[in-house]
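Quick look at what TrEMBL lists:
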REGION    433-483  region 'Disordered'
COMPBIAS  442-475  compositional bias 'Basic and acidic residues'
DOMAIN    484-751  domain 'UvrD-like helicase ATP-binding'
BINDING   505, 506, 507, 508, 509, 510, 511, 512  ATP binding site
DOMAIN    752-1007  domain 'UvrD-like helicase C-terminal'
REGION    1075-1095  region 'Disordered'
COMPBIAS  1077-1086  compositional bias 'Basic and acidic residues'
């Protein structure tokens, strides 16, 4: 018979001993008498490399430590050589069925080669370098599917299935059934790991577990903890035999268990309140601690009770045997009246092992007389009581280990005054004893705290009926886009019959809902033909979402497709193609090269970047923005003309040409008939951000149509550098005398705390309260927004010591908001969060003023193993290799694009432009074009990078991380050409996971919303952004900050590491809750667990 401990960890996992090496694991397995040990952490590259170096194959699928690495220690049994089997644990944190799930999975593999292959796949999904137990935003169903596809012989076991924070059935983030988690793949789950806080009889009570084998392992974070729990096998010594026993039960004899009461989460309670409760007592207190009023940590016993359908004394048919033990050092320590970790205990432990053999043999099999002969009466008596179950059990709770007492205090005191070492540790130690150890019971705390806690409990206990009423009261029009009705102002805007309508819609007032409802009204009530409607959006993403919502709300898929919905540039590009224009869009690299030539030839003293900015300003209807007196108008016109001529000679348009050329053709009459029809009903979103060129187009399009409907918010005008003007609504009123203006006043997004602070920032005047305890009316500087969401958390301003300190705080705080991504963090977070709902990663956004700030945040999120997505047009897109690759892809898309063909030859292949050169490029194109059309963008780009030796380029790797958001290469290329900030996304790894934090600039965040928002760098010099090269437009910077603040629905956290932004200076007292990041981190004790507390 073999003893196996398959769930352990290496030193590369969090909170583990540095001794978790192959050598020490082998040593302690021999000391314990464990025949098969899991390697643990097979996903970690450095650990896998160490295993490859130090292990050698033994029986099929098993390994042994190479002889030269084996620690030879006097007194350590040396006859048995432990086998290693490749294992690892993966932490999945993701959202499913409306709830954040955190589940740990134990995986067994038949070899290191399989570990290499699976790890390569998982590396595309998440960070496997920071932690031996990687944290992935991956659904367990999908993880199981990946494992089985790559290694059908793998064994997948849900780990410690009852642990409250990280398990299949965990009280805080688990499921009620295996089917809910694994769905159609549930039949491939054959076994469950019971965990330290439950034993087989507890699991027998749940009939749904009858079809699963029950195994036990230590989950050891230090070698000395090996064998706390283990499984017994009667099998051939091979991976195949082990896997068969786990999956079928054939050869699985039973398990060695912790006493479940000794587990850290056996009972309910509050560690900080020193209160341990039974499940019935927890229910009596409605799940609230009678001491502090916070939510009680539900233990395994309670969770089993919730899912059980059998009585406590039920014995499962054909149940495997089990034995409950405690480690030998604890028996020795108790007998000697000292700590299990004391030097005295350690010496005695090694002496006994040297004479009697491995620990399990001593605890389980050796005659007591033989043990007594070597160890003395007390140790032998303790082992005898252990074998017969004659122990006192003091249950663990809320992360505090329980106590298994072998001797009473009287017995110890009657023998030479010795005491149990647990008593010596004092009231707060892990082995306290009921009231004597300071542990409170429900009765004692109930009596002591009754008068104090009843009012507090009343505050924490809002009746469910009241919550539902409050929820319904706040589910008004526009609320998260789910309300079926419109409020009075929205409905008026939707049904207004005026030919010219302007809607001023502040943040969260249901702007998109109103716009979509207007489209729906035109289609369904006024019977307007879809082909007569054009809706202009600010981003491609907004266009796609609008089309999808129209399809969903009208049920008319064809109608949504027949409408023209898109950005100004996309609509103009389509218009020009329909009018027969043959030019193609210039790439960024080509544009820079042509601009560089124009600057050089003209002799103008401008950088290429400044020159192109000036060109864009001119084409957008603005002045060039050149410093007066430094550059003559004639020189500027010469450089501008050279650039235009070079572009025209190659048949290229730049981005601004799309708008300019469209306007010119309409004004000159160079258009084919019938173009006006699609603009009969023109709707324009985000009107506050249009520039003079776009305003010109609106006038031209609407003059050929019947109705114009614009919607936006002057307070969110943030693109002044592109020509946008916050006074655009006033300009529209001057152009259209019969314009009717509607103002939306009800905010359905942000809590009153967030809206109050944001309104103060935009207005810098005192807030005025509205109706007491209900809707708040804020009228500041002529602005009126009323909050319709319930009260929530105050806006927080967190001060850090440095910019990096801010980023570190944000990563740690996100860890806390999601309920902790490690055991220690989860325990701390459960206390800190109290009644607050745990966030999903995808409910959190980090907003930065600059891309450089975003890079710091990204670095810390990666270090913390937090999945994330970066949105925006980042600097890596200007990298030479990226631009040259995109140029080639353009040629694959448009074979007639000779400009791209020439650029590829000269830049990518470094060839002089000749006829033979063109043939070389065409030959390469013939090879890649079929792949371009058929392959997924990620696969295509991977092959391209590999064949051209570009895989080591960081910029190309980031480009690869963008491809996961697109289905085809043409779609990807179009997004890069026409997409604005929020249209472009890059995930933190090679594969996108749906549950990910969003990192983006303040500009890119417009139009989006998140339950929790961080604004990084609320410093003077950052917000407002100050630059020597560009003058600061403080009012636009104020509006930009306002946009960022109003992205938050429930929680807004501002961070700063310098002088606080002037925009926060005038806020009244009470609007911000200030705190210190370093102090908070010290108070929360984000520390490495001591070896005594390790799993």
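Heads up, the Cβ atoms here are built off N, Cα and C, so glycines get one too.
TrEMBL does not curate its annotations; it predicts them automatically.
Each of the binding-site residues 509, 512 was scored by the other Cβ atoms within 10 Å of its Cβ; the lowest score goes to 512. Averaged across the domain 'UvrD-like helicase ATP-binding' (484-751), the predicted model reaches a pLDDT of 91.
In this view, residue 507 (ATP binding site) is surrounded by 26 other Cβ atoms within 10 Å of its Cβ, with every protein chain counted. All chains included, 27 other C-beta atoms sit within 10 angstroms of the C-beta of residue 508 (ATP binding site). Within 10 Å of the C-beta of residue 506 (ATP binding site) we count 26 further C-beta atoms, all protein chains included.
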